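Enquirer: My questions all concern the structure below.
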Amino acid sequence: MTIRSPEPEVKILVERDPVKTSLEKWAQPGHFSRTLAKGPNTTTWIWNLHADSHDFDSHTNDLEEISRKVFSAHFGQLAIIFVWLSGMYFHGARFSNYEAWLSDPIHIKPSAQVVWPIVGQEILNGDVGGGFQGIQITSGFFQIWRASGITSELQLYCTAIGALIFATLMLFAGWFHYHKAAPKLAWFQDVESMLNHHLAGLLGLGSLAWAGHQVHVSLPINQLLDAGVDPKEIPLPHEFILNRDLLAQLYPSFAKGLIPFFTLNWSEYSDFLTFRGGLNPVTGGLWLTDTVHHHLAIAVLFLVAGHMYRTNWSIGHSIKEILEAHEGPFTGEGHKGIFEILTTSWHAQLALNLAMLGSLTIIVAHHMYSMPPYPYLAIDYGTQLSLFTHHMWIGGFLVVGAAAHAAIFMVRDYDPTTQYNNLLDRVLRHRDAIISHLNWVCIFLGFHSFGLYIHNDTMSALGRPQDMFSDTAIQLQPIFAQWVQNTHASAPGLTAPNAIASTSLTWGGDNLIAVGGKVALLPIPLGTADFLVHHIHAFTIHVTVLILLKGVLFARSSRLIPDKANLGFRFPCDGPGRGGTCQVSAWDHVFLGLFWMYNSISIVIFHFSWKMQSDVWGSINDQGVINHITGGNFAQSSTTINGWLRDFLWAQASQVIQSYGSSLSAYGLLFLGAHFVWAFSLMFLFSGRGYWQELIESIIWAHNKLKVAPAIQPRALSIVQGRAVGVAHYLLGGIATTWAFFLARIIAVG
């Protein structure tokens, strides 16, 4: 008798043709909601249409259907990203001076946009060098193209076309995986398989592919460019890939092929996989051989990580088991029940991912200037400032988004019956202690950090400089930060074996990298002024966290409104007859959190902009004397509020205010226009709904008088809608004002 092993069960993971493709249905506005599909009676309809069109939770309660919509939407998002990237590369190919910049990146500035003369706009086309007239760009694309080994505009064309093809594929995939072969819920909930594929596939193989490209294409091309070879003389990428002898001329270990790899003699490859530290003195960017080594190491780590989770075989980790095993002496049931949250609530997943991605984006902002990854990035001050500012803003928005979705999870997806005495439940039960302590911390930080400035302003005003907190009077040196800097600067070998220099020049030492007479990077001194402003950072960040965390922890209930969960994520007040219960919804906390996020990030980017202009950026003459843009005035001037207003905001706004009649005049107009947008927001934020409803009714009366009354009845925005429009314009106006101020300044002086 033969005993057969049981036949493996084939899991059916997709459903065929679940939703028919119907253009008629899509053409009907509001098709996803019975109420909205009836069409508009009042102007509120258009607002609700925008508010709910992507709120898949409100379309259906079926988790599988919601998951499919989210999955499909992600492909749409990727398509948009590919179209955007294609546009960037197309501008580089069609309208830019990339090839000229590549031949002389020190004297020629990047430009990829030429303004058409219609009513005299050609004034905006400034001279960027090399006889090219255009708008100076600060996105960093030229630098990243050079680092990837792009040597001609034809290559940019090809990449742009490739990106469009990928965009089409993504759109097709989004349609296919919703209408033709939609995954089942079990597929979305198979977290181990998802982890394995994302870690090994996206991060592991993605990094490996990039490392391979860097080794075979970027390194040799950049090596030749650094040596001053004309880009047109450099062999094309496929020649390096197909002809090993070409590479061996630049990196001798290539002649040995894979023998050192299989004989574990890996140090043979140290001519193109290095641990040098510091910056390449020719380009002022990280050594590309270091970044290749980094991507190879990342690839190895993630390829290993992508084999750690248990799927079809009975080996490997199970996320549920890991979570449930985490019980400490003071944590009750630990993480029991958390796995179920993460597999049934997309909002909970999204909240975690946004919090981590937001933090990571802010870390990226700080690394882009301290370890500039691309050639000639460090001496392009406009791009340095733009990249820092951009990544800080994005990080701030993502972190607020994390709180928003955490609160939506609490309101819509949290089931108190399954969460008993685990960590989430315990946090919710002692939320009063958390919030009241955090509130105390905010008050302490606010009074003490701002108090130090007010003390300085008072002493300065009374003519008593010797009684101020500054490097030349009462010193408050950031000794811990200086210790961290010193440790890194004095012992680079602790970071990596045989490292020649520390990870970043900013740590200290006497190293200075200048490219073409401009400072790329040097050790950044920290003093009393930095100590003061860092405590302002601590204050604003803690207040942001207080508002957002209170919104999450009190999203379902509070002493004031015990049944808050029944009112939903956003509601104006707890009904008539309950005064003093307005603006308490989780949505309102996100609304308020956005303002404090804006405060936090503004002070960070102001600090960065002034500090770099004062202590890092500038020119260096043949004698080695550095002339900083603002002459090192940060340490003395920024210790008073008056100094920030006078020597930063006012002094540095002169370029944007005086830009009319020059190629920077667009920034002057933007500065004015964005101030207007910002001021417009106050109209929504400072007035109540009733005021507008009353006004609208008298306007309707006038229309009726003239027999031109509209069929769709006009109504004032709801309270929540008004606040949403207000905060959107506040942020848009504020960010665009800052953008114009920064760029006009840094392009003029940088």
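Using N, Cα and C of the backbone, Cβ positions are placed for all residues, glycine too.
Feature table excerpt (Swiss-Prot):
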- C573, C582: [4Fe-4S] cluster binding site (BINDING)
- H675: chlorophyll a' binding site (BINDING)
- M683, Y691: chlorophyll a binding site (BINDING)
- W692: phylloquinone binding site (BINDING)
- 70-93: transmembrane segment (TRANSMEM)
- 156-179: transmembrane segment (TRANSMEM)
- 195-219: transmembrane segment (TRANSMEM)
- 291-309: transmembrane segment (TRANSMEM)
- 346-369: transmembrane segment (TRANSMEM)
- 385-411: transmembrane segment (TRANSMEM)
- 433-455: transmembrane segment (TRANSMEM)
- 531-549: transmembrane segment (TRANSMEM)
- 589-610: transmembrane segment (TRANSMEM)
- 664-686: transmembrane segment (TRANSMEM)
- 724-744: transmembrane segment (TRANSMEM)
Enquirer: In the structure shown, with every protein chain counted, which of the binding-site residues Y691, W692 has the densest set of Cβ atoms within 10 angstroms of its Cβ?
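Expert: That would be W692, with the highest Cβ count within 10 Å.
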Enquirer: Between the transmembrane segment (195-219) and the transmembrane segment (291-309), are there three or more CB pairs that fall under 8 A, provided the residues in each pair are separated by 6 or more in sequence?
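Expert: Per Cβ check, the transmembrane segment (291-309) touches the transmembrane segment (195-219).
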Enquirer: Could you state the CA-to-CA distance between C582 ([4Fe-4S] cluster binding site) and Y691 (chlorophyll a binding site) to the nearest Å?
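Expert: Answer for this pair: 17 Å between alpha carbons.
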Enquirer: Pairs of Cβ atoms less than 8 Å apart decide it: which stretch in 385-411, 531-549, 589-610 has the most with the transmembrane segment (346-369)?
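Expert: Per the Cβ count, the answer is 385-411.
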Enquirer: In Å, rounded, how far does the Cα of H675 (chlorophyll a' binding site) sit from the Cα of M683 (chlorophyll a binding site)?
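Expert: Cα of H675 (chlorophyll a' binding site) to Cα of M683 (chlorophyll a binding site) measures 13 Å after rounding.
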Enquirer: When you look at the transmembrane segment (385-411) alongside the transmembrane segment (589-610), do they share 3+ Cβ pairs under 8 Å, ignoring any pair fewer than 6 residues apart in sequence?
Expert: yes
Enquirer: Checking distant contacts: for the transmembrane segment (433-455), what same-chain residues at least six beyond its ends satisfy Cβ-Cβ under 8 A?
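Expert: For the transmembrane segment (433-455), the far contacts come to 427, 468-469, 476, 532, 535-536, 538-539, 542-543, 545-546, 549-550, 553-554, 639-641.
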Enquirer: Fill in the CA-CA distance, M683 (chlorophyll a binding site) to W692 (phylloquinone binding site), as an integer in Å.
Expert: 11
Enquirer: Distance check, please: Cα of C573 ([4Fe-4S] cluster binding site) against Cα of Y691 (chlorophyll a binding site), rounded to an integer number of angstrom.
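Expert: With distance taken Cα to Cα, Y691 (chlorophyll a binding site) is 18 Å from C573 ([4Fe-4S] cluster binding site).
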Enquirer: Would you identify which of the binding-site residues C573, C582, M683 has the most other C-beta atoms lying within 10 angstroms of its C-beta?
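Expert: When each Cβ's neighbours within 10 Å are tallied, C573 tops the list.
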Enquirer: So how many other Cβ atoms are close to H675 (chlorophyll a' binding site), meaning within 10 Å of its Cβ?
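Expert: I count 15 other Cβ atoms within 10 Å of it.
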